[in-house]
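Only one structure is covered here, and it is reproduced in the block below.
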2 protein chains.
Amino acid sequence: MMSPTADSNGSVAAGKPTPGRLASVYSEVQKSRLEVSLPLPSVLKSSFHVVDGPPSSAAGNPVILLVALCKDYLQDRTKGSTLYGFKGGPAGIMKCTYVELTTDFVYPYRNQGGFDMICSGRDKIETPEQFKQAEETASKLNLDGLVVIGGDDSNTNACLLAENFRGKNMKTSVIGCPKTIDGDLKCKEVPTSFGFDTACKIYAEMIGNVMTDARSTGKYYHFVRLMGRAASHITLECALQTHPNITIIGEEVAARKQTLKSVTDYITDIICKRAELGYNYGVILIPEGLIDFIPEVQQLIAELNEILAHDVVDEDGQWKKKLRSQSHQLFELLPQAIQEQLLLERDPHGNVQVAKIETEKMLIQMVETEVEKRRQEGTYDQQFKGQSHFFGYEGRCGLPSNFDANYCYALGYAAGALLQFGKTGLISSVGNLGAPVEDWTVGGTALTSLMDVERRHGKFKPVIKKAMVELDGAPFKKFASMREDWALKNRYFSPGPVQFVGPTANDINHTLTLELGARA
Amino acid sequence: MMSPTADSNGSVAAGKPTPGRLASVYSEVQKSRLEVSLPLPSVLKSSFHVVDGPPSSAAGNPVILLVALCKDYLQDRTKGSTLYGFKGGPAGIMKCTYVELTTDFVYPYRNQGGFDMICSGRDKIETPEQFKQAEETASKLNLDGLVVIGGDDSNTNACLLAENFRGKNMKTSVIGCPKTIDGDLKCKEVPTSFGFDTACKIYAEMIGNVMTDARSTGKYYHFVRLMGRAASHITLECALQTHPNITIIGEEVAARKQTLKSVTDYITDIICKRAELGYNYGVILIPEGLIDFIPEVQQLIAELNEILAHDVVDEDGQWKKKLRSQSHQLFELLPQAIQEQLLLERDPHGNVQVAKIETEKMLIQMVETEVEKRRQEGTYDQQFKGQSHFFGYEGRCGLPSNFDANYCYALGYAAGALLQFGKTGLISSVGNLGAPVEDWTVGGTALTSLMDVERRHGKFKPVIKKAMVELDGAPFKKFASMREDWALKNRYFSPGPVQFVGPTANDINHTLTLELGARA
């Protein structure tokens, strides 16, 4: 018996259509997607066996390659076995809440993303009690294997579960699959995570539309904050797809040790130059995690947390004297609304809620102040009007792009094969993604090779390292070579809505294309 | 010579492709749209002439029908004439800033929306000086006709300009075309405005995605505010397309004389009932103009404007005694952030900026307060987490849906024909939209028949009346018959991204379909 967790669906063998059943709950586009047969890499279509390959670039288990062995074996491999889905991911494993994934149950989720099939959760399996619960579930259901689908946290779970089951001599193998729109789970053997391609295409459609609107009305600067947690991959990819006037990449801000003031000045300088060219409009992309990349902001927040925990915040502002000089200056620079947000909105532990800060609105207000200053000084005489946007949840659950559907299908198929051959502690790995699907390579990579040790809550913990935007990587270098041109000349590029048929339906994103090209 | 204003493009005759020219600035989806030949109503494909038809339902000029006359005439009708585009719409007419719309100039905007071709503007032509400027432009360029493309304000401009030119015995005819995403410019002869179909499909895609996300993560109520100015057509259409748990329709709130408290209670009641069924998530649609439909809010704002203009707002809140009792109660009911927004953010005239109030966030906070109250009373023991969204600008400039492209093309073609026959003061009217394009009817309707007299700034002015959501209309009745089912059972419907080819590519929106059905 094998069990996927989280929001798997592409990994499940093809089901039979049940005509009419979905007529009233599915849109026509959804229904048309249900009926699509996805291509498989040739290595999985014909007979194959699993062999241990050369050692991976990182330490740990060797990479495993799937090669031709036995066609019948593949066709028959799930015969008689039962597939369970654990509800809400890790929580389902620990509480043993699951649903049997029959062909009929799975069918409506084919090529739909399927994020809502068994739903998702952010629980971690960390304590001895939690591992014990997982063991009990695996024993009770007599699991041969477990497929964990998710980002860095989920695959950390997968790695620790695999080690744990192996340590207890349990038969349950564990295989991870890379799923996150953030694009921050990747390495040489796992070139991308599924979801990233779809989310970026949805956001890029919206950004392209806003660009046309900006040019038509000619009076707004659109500040678009994009989802993506810590890393700026989504923002970078959307920039490559749409050519905005200004794009802030968090990793660059950190590397250059930029301040909030210097980011504001950078934006304002371009706005002023554009005004000279007659453009009082534009589009600016900002990564969700920006604020975390600015060292002085982190320092201010640490000091605020300390002060708010122990002192009274008096109306006269005497409390500000407790801030260090640089933090005090920064606090005074912030717009009033942000100051209040920092002081008033706290999480249950009393800490400032950084994630709640609407960076796009904060930057609009800071640019307004800077523009007004320049107006007073006589160096700027145009208007400035900002419009704020946050593009987030609407990109996480779209119908998968053809690339994501194909990639996910291959990943899931590979995960099944790895389990079948008794492999454990691996992440499903599909490579050569720049080639046609039939030429994709398929294998598994040791999850331990992705692990790093991080200090969290005062303890050292093994976790999967987030892949950040590399400033010497091909995607950033491409962007950096274009951005000055995009800043002053309007090179807006509008990808339009995701299409499932037609010449461009199988295009893959720029980030992956450039990274594959740089590697080739 | 004929001249369109605003963002026309579909109304211009087909241009020749200039291969390669757009290779670097256009996405593949855009390029594929460029090459599409749009169908025309049969009446426009063959020979036709223009005849005065039976009197329209409203007073004013009779409806004009286009019928077969002379094919050659149609083909040759723009030979030797020049087409100008006035930049920024009315401003371009008044300032005589224009561009010649050659075949090559227009080509890249074919089937793209073209909102950025000559750009748009919100200026009004009202004063004698402004009419004089328009006359000078018409004379200087020797205009035979002028096509005005836009919503109620633009078509009011068109009507007044037509009357003015006619009054001065000028030869320039004026024809209007209905363009607004808001869907509030319509009547029997003009069943919809172009842009509405595309915008609603884009928003519905995003709402469908958020629904899948809501169900997957199971922990958020998504409050989605939708663009659409005063009327709630977009919100109603998106509800019909996606089946959200709760939808607020401004016109119903006004008709029922609801208060902010009763809207909050309505939402909270459903949230509580859903919690009993195990659902701590959901999707709620809110029209942009909601706040304008609540009488008590209007009253509070009027009083605040008066007080803020003349009195000091003291910290102790003594100023609140100047509010009437009901307004005082409402003010105290508002979340602190909204109270501050009302007091602090004013427009250049010192008035409270109602449009800046983020209604979706206000409602989240009010529901939070109500939920907390019920928790204290012991009638509710679940969590409530709101996520706010505003879907606006990203829906205004998308690639047009096939329906919008076809409709716009027929409207523009009709406008050209009406001008050719010397007709003036009409709005281009294409009907029978539920039938295949070849069977659409084509004509013009007197703009005066859409006019009403409104009191603005203390004066009576003739303006085109906004078409609001009718509570006894077919779209609202359909919604009202379904909403209780949608509230408690999750009937989420995900339309997916707009497709340009395939079986559903030519579908039209529910509002139009239901209105046509009710009329048939």
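Placed from the backbone N, Cα and C atoms, the Cβ positions cover glycine too.
Note that TrEMBL annotation is computational and uncurated.
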(message) Record says A:T180, A:I181, A:D182, A:K219, A:Y220, A:M227, A:G228, A:R229, A:Y393, A:E394, A:G395, A:R396 bind substrate. Source is TrEMBL. Which of A:E126, A:E288, A:E332, A:E454 does it list for that same site?
(response) A:E288
(message) Within a 10 Å radius around the Cβ, which one of these binding-site residues has the most neighbouring Cβ atoms: A:D152, A:D182, A:E394?
(response) A:E394
(message) Rank aside, I only need the closest one: which of the recorded positions A:D152, A:D153, A:K179 has its C-alpha nearest to that of A:Y220 (substrate binding site)?
(response) A:K179
(request) Quick one: among the recorded positions A:K179, A:R396, which has the most Cβ atoms sitting within 10 Å of its own Cβ? (result) A:K179
(message) I'm trying to understand the geometry here, so how far is the Cα atom of A:E288 (substrate binding site) from the Cα atom of A:D152 (Mg(2+) binding site), in Å to the nearest whole number?
(response) 18
(message) Using DSSP and collapsing to three states, where does A:D153 (site 'Important for catalytic activity and substrate specificity') fall: helix, strand or coil?
(response) helix
(message) Under DSSP, is A:K179 (site 'Important for catalytic activity') part of a helix or a strand, or is it coil?
(response) strand
(request) Look up A:E394 (substrate binding site) in the DSSP assignment and report helix, strand or coil. (result) helix
(message) Rounded to a whole angstrom, what is the C-alpha distance between A:T180 (substrate binding site) and A:D152 (Mg(2+) binding site)?
(response) 8
(message) Cβ neighbours within 10 Å, counted over all protein chains: which one of the recorded positions A:D153, A:E288 has the most?
(response) A:E288
(request) To the nearest whole angstrom, state the Cα distance for the pair A:E394 (substrate binding site) and A:D153 (site 'Important for catalytic activity and substrate specificity'). (result) 22
(message) Tell me the Cα distance separating A:D153 (site 'Important for catalytic activity and substrate specificity') from A:R396 (substrate binding site), rounded to the nearest angstrom.
(response) 17
